Amino acid sequence: MAGGVVVSASGGKEYPGKMTLFVFLTCFVASSGGLIFGYDLGISGGVTSMDSFLLKFFPSVYHKEKEDVSTNQYCKFDSELLTLFTSSLYLAALVASFCAATVTRVFGRKWSMFGGGITFLVGAVINGAAESVFMLILGRILLGIGVGFANQSVPLYLSEMAPPKLRGMLNIGFQLMITIGILAANLINYATAKIAGGWGWRVSLGLAAVPAVVIALGALLLPDTPNSLIERGHAEQARSMLSKIRGTDDVQEEYDDLVAASEESKTIKHPWKNILEKKYRPALTMAILIPFFQQLTGINVIMFYAPVLFKTIGFEDDAALMSAVITGLVNMFATFVSIATVDRVGRRALFLQGGTQMLICQIVVGTLIGFQFGTSGVGANLSRGYASCVVLFICVYVAGFAWSWGPLGWLVPSEIFPLEIRSAGQSINVSVNMFFTFIIGQAFLTLLCRLKFGLFYFFGGWVLVMTIFIGLFLPETKNVPIEEMVLAWKKHWFWGKFISDDDIHVGKKTSTFGA
Ligand code: BGC
């Protein structure tokens, strides 16, 4: 047997394996799945603030906006149909991620990515050509199905391909692509809003076809992960794939762990039923609470509604879109901080630091807006300096999210489930995420109207709760091999009692986890 396995400082096994060009390229291509999600998150806010778009599909919102110049700043753009347009996608993604669980497990990760890309492509075409609200919403539902498949499969793919020591970094490629998608969408909106003929929104919506083609073609080129190959009975292929991605033949130990995980997985016939077993409780709890908390940071208030929000606090149309571009840039660049640090300082440190930073900013932004508009919402537009200050703190808040809850909200749930229920677990993660993205999308305008500046305190309160939760309940998962995660739970002060000794089938003698 190969002798390259050592015990790491954190107590887990370290497999031989380095960053090979092959693993980098496969992860790079797979990450592009994040583009479709990001493009989508970024495009609707700008489109729904374009006059030509509102006039064509939502004339009542348009007229209300034009006539009501003197009404309450907090309650300007409230239209249920308009928010339904934005958030219909997330409901579709929620349902689709459950179907994707089966495709991902039975046919492999790559076919889910491919299916996601193709469905998204059709949705983009329908949206670009839309003549009615029906076509708009139908297009968005197809986009949502695409996102459901991609978000279910891409994070799993990345976490399985990556060597444990680089898993955080490679997985965060997905979040990086999300932020690039959002930024691209913001820039495109900025340009298309200026198109005189009033058809700029068609370009914005139709260009979603580009990232769709990228991921669909990319998925065709990708190999499947060794974990999935073994799970589907292709042991030999899995072995050579493992050597190829690790850049060494010294993969026996890791291969043995994959086989052990796969054998365990064969005993599970109904992942959806088994996931309720006690030993999976820690991972299940995280797969529900992490995406829930991620959305309760309030990030999508900024992502969807930045132009609307900036308009509300007194920016002109153009300045509002420009500010959205600024937050988009901050979001993207700050993601690199997590790429560079996640496998060194670990997941917990980023969560705790990022959470604290977001909390402080939320209190400051809420207070600044409260001072200006009070509870009546009627007040002069913000002065330039005051408004820049609000934008600055919003940017620092976005940066905190971009190196903590943003990437880790996708990384952590994708790396904590054992193989037999990984696909089901990831669907839960995606669907909870989409459900609360939907709720926030749907409720934001009403919440802003009711809670006023207190909306920022509301999300700040949640950030406090989630930061304490992470501090107490999330074990560190950096460098822990994905098929050995059970050992990290076993060692945890609270979750340890959920894992009996019989539940541990990996980790052999070389590991000191759980000793
Ligand atoms: C979240 C999205 C959010 C985005 C912002 C993602 O991780 O899931 O809801 O809009 O980050 O970058």
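From the backbone N, Cα and C atoms, a Cβ is placed for every residue, glycine too.
Copied over from TrEMBL:
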| type | residues | note |
| --- | --- | --- |
| TRANSMEM | 21-39 | transmembrane segment |
| DOMAIN | 26-478 | domain 'Major facilitator superfamily (MFS) profile' |
| TRANSMEM | 81-104 | transmembrane segment |
| TRANSMEM | 111-130 | transmembrane segment |
| TRANSMEM | 136-158 | transmembrane segment |
| TRANSMEM | 170-193 | transmembrane segment |
| TRANSMEM | 199-222 | transmembrane segment |
| TRANSMEM | 283-308 | transmembrane segment |
| TRANSMEM | 320-342 | transmembrane segment |
| TRANSMEM | 349-373 | transmembrane segment |
| TRANSMEM | 385-406 | transmembrane segment |
| TRANSMEM | 427-448 | transmembrane segment |
| TRANSMEM | 454-474 | transmembrane segment |
Self-check item: Intrachain neighbours beyond the transmembrane segment (21-39), with Cβ under 8 angstroms and 6 or more residues off its ends
Solution: 113, 116-117, 120, 143, 146-147, 150-151, 153-154, 157-158, 161-163, 170, 173-185, 207-208, 211-212, 214-215, 218-219, 221-223, 244-247
Quiz item: With the transmembrane segment (385-406) as the reference, which stretch in 81-104, 136-158, 170-193, 320-342, 349-373 has the largest tally of C-beta pairs below 8 Å?
Solution: 349-373
Quiz prompt | Recorded stretches the transmembrane segment (199-222) and the transmembrane segment (320-342) touching, at least 3 CB pairs under 8 Å | solution = no
Quiz item: Would the transmembrane segment (81-104) count as touching the transmembrane segment (454-474), if touching means at least three Cβ pairs under 8 Å and pairs must be 6 or more apart in sequence?
Solution: no
Self-check item: Annotated stretches the transmembrane segment (427-448) and the transmembrane segment (283-308) touching (3 or more Cβ pairs under 8 Å)
Solution: yes
Quiz item: Which listed stretch (111-130, 170-193, 349-373, 454-474) has the most C-beta pairs under 8 A with the transmembrane segment (320-342)?
Solution: 170-193
Quiz prompt | Long-range neighbours of the transmembrane segment (349-373), counting only residues six or more past its ends (CB under 8 A) | solution = 73-74, 297-298, 313, 338, 341-342, 379, 382, 386, 389-390, 393-394, 396-397, 399-401, 403-405, 408, 452-457, 459-460, 463-464, 466-467, 470-471, 474
